[in-house]
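Quick look at what Swiss-Prot annotates:
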- 3-56: domain 'ClpX-type ZB' (DOMAIN)
- CYS15, CYS18, CYS37, CYS40: Zn(2+) binding site (BINDING)
- PRO119, THR120, GLY121, SER122, GLY123, LYS124, THR125, LEU126: ATP binding site (BINDING)
Amino acid sequence: MTKSTGGDSKNTLYCSFCGKSQHEVRKLIAGPTVFICDECVELCMDIIREENKTTLVKSRDGVPSPRDICAVLDDYVIGQEHAKRVLSVAVHNHYKRLAHGAKHNDVELAKSNILLIGPTGSGKTLLAQTLARIIDVPFTMADATTLTEAGYVGEDVENIILKLLQAADYNVERAQRGIVYIDEVDKISRKSDNPSITRDVSGEGVQQALLKIMEGTVASVPPQGGRKHPQQEFLQVDTTNILFICGGAFAGLERIIAARGKGTSIGFGADVRAPDERRTGDILREVEPEDLLKFGLIPEFVGRLPVVATLHDLDENALIEILTKPKNALVKQYQRLFEMEDVKLGIHEEALRSIAVKAIQRKTGARGLRSIMESILLEPMFDLPGLQGVEEIVINKEVVEGRAKPLYIYSDRRSEVAPGA
């Protein structure tokens, strides 16, 4: 058991599970003959959540219900309630369609691929990754900006299927039920409204190439990747049942939507606010296929993405929740990292708010939180392995704003700023 740090050891209480003393934890809860600390309670809750996740209530076809999918998304993704509901229903219907595919031959159910529209750092990639984890299917990501048409320098679209196959450990059957997330699809928009007589190999050409695998084709994939050779053997992968989720920031799309809406609503029910007075996310919710066509996506590509979910910018409160609330929250990750050095990391509420403000100013959303945390904690992470007796490191608002250094609290209860400050 851990010994008490000061005071009469006879009067010191210890957690019956981890052995930490009352001085080392925030709260110690007493039972008839045992004690449990707040850290062990939190660990127990995590274990129970993990168990619940693996035993999701499934409908008769063996697919988790939309409500259960959404509940697990809530554990990892903060906010974006509308997008989570849209995705939960779409994913449930997709895998329910696969479960019933062989049973009902009278009505053919078409596949509904998904388009995610939202600013950088709003959670598009995380949503797609979490969905694949919930359904327990292979998952891969691709960057649309690196893709080119077959025969040109760059990455062939069929390489996406190869990556999915690798994620499935070359199990073709599993790969054919996987999820593919294609990021930055807004960057492959057509360069102008009029079809060009010259080849647009990284824009419209990529959209045309993606069409084939999105609507369903048998892709010939070289097992080792790379260029195809006539002599080598290929793996045949049917993409008909692969769920494609495309995502992008679509900067400027809100102006196209706002322009379409001008003059269409009059009278007492009209929304007379200027477009910039409304949140971008609210405007994006009104997106129509014609807006995506004007943005530069070709009609066939838009037609392959019938389900559209929009995400909004994250405000201060949402970013603070992202820092602290999810199971794998950034603050929890860094606290665990410091625990490995037997040091407690304390971050004040005002400091968290300042971190959120910085991320908003940088326009990086949740994606920028880690780089901010890294820069704040760089000195403590550099110093700690060579220091003795440090019990806690405190980060306050002044530290985040660069007006002060992190505070080091030692086991003899003395405090000092970071060495070398």
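Each Cβ is built from the backbone N, Cα and C atoms, and glycine gets one as well.
Secondary structure at CYS15 (Zn(2+) binding site), taken from DSSP and collapsed to helix, strand or coil, is coil. Of all the binding-site residues listed (THR120, SER122, THR125), SER122 sits in the most crowded Cβ setting, with the most other Cβ atoms within 10 Å. CYS37 (Zn(2+) binding site) falls within a strand when secondary structure is assigned with DSSP. Across the fold, the C-alpha of CYS40 (Zn(2+) binding site) and the C-alpha of GLY123 (ATP binding site) stand 30 Å from each other.
Distance from the CA of CYS15 (Zn(2+) binding site) to the CA of THR120 (ATP binding site) is 43 Å. Sorting the binding-site residues CYS15, CYS40 by the number of other Cβ atoms within 10 Å puts CYS15 first.
Each residue in SER16, PHE17, GLY19, LYS20, VAL25, LEU28, PHE35, ILE36, ASP38, GLU39, VAL41 lies on the same chain as CYS15, CYS18, CYS37, CYS40 and has a C-beta within 8 Å of the C-beta centroid of that Zn(2+) site, without being one of the site residues.
Shown are the binding-site residues CYS18, CYS37, LEU126; the one with the most C-beta atoms within 10 angstroms of its own C-beta is CYS37.
Spacing of GLY121 (ATP binding site) relative to CYS15 (Zn(2+) binding site) is 40 Å (Cα to Cα, whole number). The shortest Cα-Cα distance between CYS18 (Zn(2+) binding site) and any of the binding-site residues PRO119, SER122, LYS124, THR125, LEU126 is the one to LEU126.
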